[in-house]
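Record features (Swiss-Prot):
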- 115-183: DNA-binding region (DNA_BIND)
- 1-11: compositional bias 'Polar residues' (COMPBIAS)
- 20-29: compositional bias 'Polar residues' (COMPBIAS)
- 77-90: compositional bias 'Basic and acidic residues' (COMPBIAS)
- 182-221: compositional bias 'Acidic residues' (COMPBIAS)
- 229-241: compositional bias 'Acidic residues' (COMPBIAS)
- 1-30: region 'Disordered' (REGION)
- 75-116: region 'Disordered' (REGION)
- 174-241: region 'Disordered' (REGION)
Amino acid sequence: MAGPSTTSNAPKQRKRVEAETSSNTSTTLRRAKDGSAFALCEGCNKSVAVALISMHNCSLDAKIRVNLEAQVVETQAEAKKKPAEKKKTTSDGPKPKRLKKTNDEKKSSSTSNKPKRPLTAFFIFMSDFRKTFKSEHNGSLAKDAAKIGGEKWKSLTEEEKKVYLDKAAELKAEYNKSLESNDADEEEEDEEKQSDDVDDAEEKQVDDDDEVEEKEVENTDDDKKEAEGKEEEEEEILDDY
């Protein structure tokens, strides 16, 4: 039998790698003359890290700073707009209470000079019907009166409705007359206001003219005083000679 081969079992040669010594791996720390890690740039008078001083560029930094300042100004302006709009709602002080209108003020504001619209024939009928319905049916609901009254109005003949139609026509005629008189009164008030405005404008113009005349008189008086002063100075000079 052949013996085992020595080449297959021979150990492999390992490469020897030399480790770097401390002299090779030692890093030099950059420092300023005074030992500080920052140095003052003579161009822009800024403190720059000594390790990054080779990448420092004054003109480039100035451009970046200008762009950043512009962006900051824009963002601040946009941020200021929102609080200004919400200033009323975010106030710390107590909100002023709204003055409630009295009943008289409400009536005066709601009721204008115009007359109320006249009732129609159906509503005139219903006002009479409710009176009789309440007297005949005690404790009944208003809904029942309206329902029964509407049915009864439909069942009436034209002759029976004529009484209410005539009343409605009379009320409408009175309403139209009152509207015409009201319009005439409003026109008179407008004319009076216009005349008052014209009078006020004329009075203002007269006052302005008076002020102009007073200023002119004051100016002429000042001119006279200056002329008299010059004459006195000339007389004094002649007396000296």
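Count begins at 1; order follows the chain as displayed.
Glycine is no exception: its Cβ is also placed from the backbone N, Cα and C atoms.
Across the range of the DNA-binding region (115-183), the DSSP-based residue counts are 56 helix, 0 strand, 13 coil. Here the DNA-binding region (115-183) returns a mean pLDDT of 84 for the predicted model.
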